[in-house]
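If you check TrEMBL, you get these features:
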DISULFID  Cys58-Cys61  disulfide bond
DOMAIN    9-166  domain 'Thioredoxin'
SIGNAL    1-21  signal peptide
Amino acid sequence: MRLFHTAALAAALLSAGFALASPTAPRNGAEYQTLASPMPVAPAGKKVEVIEFFMYHCPACNALEPSLAAWVKKQGDNINFRRIHMPHMQNDPEAHLFLALEALQLDVSMHDKVLHTWHVERQRLRSDEDNIAWAVKQGIDKAKFMNAYTSFGVLTRLNNLDKLMASYKVDSTPTLVINGRYLTTPSMVIEANQDMPRASLDGATFQVADALVQKAQQEMAK
């Protein structure tokens, strides 16, 4: 009798919408969360905006990068992918470097090189002097780099990063935000699926991202 009662209760919970979370069918509050106030999305036709919030020095961001690059390539024209560097201090030199490279339209081509500098060469870019020396070493024209690095636009964006993080509710990296509305992280995915092998985490994270991109596409089509 107790066995029947337990099975009936489980069935009732499932039918009431309390199904266990799954990377292929993610649940709000488990593998992802919905922002209470959706953020503006950069116009890109029918493409879904995907933002990675990251930090150059972040080991988890560096470890995720190969899987992320493969996923972005797989999504192709479905998404408009971009990055935002989360600051870890006021006037953060890492974020400052990213914004300067972005202003020069070098943020994509130089991304792997910055990660290599931090995580393979173990060279820490923690000051303006470090950033300038690194840029020159990479063959970037020093005058052009300095013009971008000290520009009003870059400095304004650098000073506003903390407010931007608060608006997106981002407090850790790496974090993915889908179409200004849905936020997911590898930490959320593993917490919702605690029996998952760590080796499966990257794949599961992008299963969640796939589902959220599809969800955003369906909403855009309405």
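Keep in mind that glycine also has a Cβ here, set from the backbone N, Cα and C atoms.
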(request) Using a 10 Å cut-off, grab the number of neighbouring Cβ atoms around the Cβ of Cys61 (disulfide bond), all chains included. (result) 23
(message) Let's check the environment of Cys58 (disulfide bond): how many other CB atoms sit within 10 Å of its CB?
(response) 21
(request) Take the domain 'Thioredoxin' (9-166) and average the pLDDT across it for me. (result) 93
